[in-house]
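Structure first, commentary second.
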Amino acid sequence: MRRGFGPLALTLFLFFFALLTLPGDGNQGSVAGSCYCDRTIPSGTQIPPATLNHMRKYLKTFHRCQFFIRFQLQSKSVCGGSQDQWVRELVNCFEHKQCGIGHGQSFHHQKHVPQASTRIPEATEGKPPDTSTAVQFQSTQQSTFPSGAPSLNKELTRHWETTILPSGYGLEARPVAEANEKQHKQQKEPGAGAGTQALVPVLSLLAIVFFLVAAMVCVLCNRRVTRQSSSGLQLCYTPVEPRPQGL
């Protein structure tokens with residue numbers, strides 16, 4: 001008869017099983033291999049700039065394992081020595097939110113978008129406007145746009161001249177605003193003229209119908225009068241019998 005496992009063997013089995021499933025400390029992973037890396041870069045290896053920029057752009061998070069640091073990208077994980085220069089730079093960049101998914105794009109956008117902080121002072125009563133500030137604002141606005149968009153720059157400059165200058169920044173721009181307003185009124189007037197022109201055929205048609213109805217009424221009245229007069233003549237006519245001739 002076979003004897004089962006004793007208490008000592010069962011205890012040793014549970015002890016080794018607990019060692020295999022023991023979780024790691026923080027982000028270091030576990031002994032079972034939760035710090036698995038798809039690609040491990042040996043220490044002292046020179047990283048190409050293109051590869052490093054790719055990692056900065058698509059970095060999601062990183063984990064501090066026991067002897068290395070694992071960087072989790074979108075499709076794979078890359079591990080490197082914790083003492084390597086590129087590893088420390090990448091960790092520092094991600095911790096300061098200067099790279100990674102969602103961080104690097106906003107940082108790149110803030111880096112390339114110019115900040116226009118120039119403001120135009122409002123004109124006060126009794127004080128002439130500061131033309132130097134207006135010229136400085138115009139030059140700043142022109143330098144903000146790239147050289148490949150001249151039409152947009154011209155449209156914005158024209159809009160700035162027609163909206164800001166007529167409010168008291170220059171008398172020379174008032175005729176331009178008045179001409180624009182006059183042109184706007186002229187554009188509205190053809191619409192009213194078109195409505196009047198559309199009513200003319202309708203009125204003409206109504207007049208023609210009225211004259212036709214009047215002519216038909218006159219014709220019917222004339223026919224009735226003619227019939228009545230002919231019947232009256234028949235009533236007034238009395239036939240006369242011929243007298244008998246004497247023998």
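Cβ atoms are placed via backbone N, Cα and C, with glycine included.
Record source Swiss-Prot places CYS35 in a disulfide bond whose other cysteine, from CYS37, CYS65, is CYS65. When you check Swiss-Prot, the disulphide partner of CYS79 from the set CYS37, CYS99, CYS218 turns out to be CYS37. A gap of 9 Å separates the Cα atoms of CYS35 (disulfide bond) and CYS79 (disulfide bond).
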